[in-house]
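Okay, structure first, notes after.
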Amino acid sequence: MVIRTGIAGVAGRMGGNLVRACLADPAVELTAAIARPGSPVVGRDAGELAGLSAIGLPVVGNLSEVSDKVDVLIDFTLPEVTLAHLESCRSAGIRLVIGTTGFSAEQRQLIAAAAEGMGIVFAPNMSVGVNLALKLLDIAARVVGEHADIEIVEAHHRHKIDAPSGTALRMGEVVAKALGRNLQDCAIYGREGITGIRDAKTIGFSTIRAGDIVGEHTVMFADEGERIEITHKASSRMTFAKGAVRAAVWLMSQGEGLFDMQDVLGLKG
């Protein structure tokens, strides 16, 4: 069965890559391309918007216009937009792949509650490499984390509006959980001035915003005499798009529930 797939955020940074990834995967059919209401791209052909030839699929400004044509929606928008799509998808029986970042704790709880009645893949990073790195971080934290100083450094392009990145926060969550800590209690976001001696139980975050960096993350476990660094660098957003499409295909074989890319890739356990 070919999966009817929609893209929300088709005019954004991920939009063109998602269009190309859908068109390249024989398991899916791109049946909807959604931008914000009033966007100048509404009415344009989704293929042409992605820098390809026309595919006969006009961009629409509202999910309700195409909800009967979609089995699974891939959403890379903004938190408030994703939450609106969440309600529409639940009502229409559409599965949802969420790549949006920048959610508050309360918004994340809304997503988790909605997943009790629908299938959702929610991951701040759809890259296979990043999710393999998360697995390695869990192992490293259990082996050396208790005695190491842990720092997370991330870099993205100048246009990214949330910091730290969702991926950096997820990395911090994985490390903290492996150590039996709560990230909210031990995270330090940047340092300035006279900060005093480092608290050994903290996890530090540093953020860089510059140029056109697609995404780079390094987690450092620094002990006396040695340190371990686990790094992932993305050179193209296509890796995220391919991962999102892979998640959409996987999700169609699942029931209700909240999943992440670790589930999709079989990395849990």
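Cβ atoms here come from the backbone N, Cα and C positions, even for glycine.
What Swiss-Prot records for His156 is active site, proton donor/acceptor, and it gives sequence analysis as the kind of evidence. DSSP assigns His156 (active site, proton donor/acceptor) to a strand. Sequence-distant contacts (6 or more apart, same chain, Cβ under 8 Å) of His156 (active site, proton donor/acceptor) comprise Ser165, Ile208, Arg209, Ile213, Val214, Gly215, Glu216.
As annotated by Swiss-Prot, active site, proton donor applies to Lys160. Listed in sequence order, Arg209 are the same-chain residues at least 6 apart in sequence whose CB falls under 8 Å from the CB of Lys160 (active site, proton donor).
Residues or ranges marked as NAD(+) binding site in Swiss-Prot: Gly9, Val10, Ala11, Gly12, Arg13, Met14, Gly99, Thr100, Thr101, Ala123, Pro124, Asn125, Met126. Note: Met126 (NAD(+) binding site) has non-local neighbours Gly99, Thr239, Phe240, Ala241, Lys242, Gly243, Ala244, Arg246, Ala247, Met261, i.e. same-chain residues 6+ apart with C-beta under 8 A of its own C-beta. In the three-state DSSP reading, Met126 (NAD(+) binding site) counts as coil.
Annotation note: Arg36 (NADP(+) binding site) sits in a coil segment as assigned by DSSP. Cβ neighbours within 10 Å of Arg36 (NADP(+) binding site), excluding its own Cβ and spanning all shown chains: 17. Annotated NADP(+) binding site per Swiss-Prot: Arg36, in sequence order.
Classification of Gly166 ((S)-2,3,4,5-tetrahydrodipicolinate binding site) by DSSP places it within a helix. If you draw a 10 Å sphere around the CB of Gly166 ((S)-2,3,4,5-tetrahydrodipicolinate binding site), it holds 17 other CB atoms from the protein chains shown. The (S)-2,3,4,5-tetrahydrodipicolinate binding site annotation in Swiss-Prot covers His157, Gly166, Thr167, and the record cites sequence analysis as its basis.
Arg13 (NAD(+) binding site) has His157 as its nearest neighbour among the binding-site residues Arg36, His157, Gly166, Thr167, going by CA to CA distance. Note: the Cα of Arg36 (NADP(+) binding site) and the Cα of His157 ((S)-2,3,4,5-tetrahydrodipicolinate binding site) are spaced 23 Å from each other. Pairwise Cα distances among Gly9, Val10, Ala11, Gly12, Arg13, Met14, Gly99, Thr100, Thr101, Ala123, Pro124, Asn125, Met126, which the record gives as the binders of NAD(+), peak at 20 Å. Same-chain residues that are not part of His157, Gly166, Thr167 yet have a Cβ within 8 Å of the Cβ center of the (S)-2,3,4,5-tetrahydrodipicolinate site turn out to be Thr101, Pro124, Asn125, Glu154, His156, Lys160, Asp162, Ser165, Ala168, Gly215.
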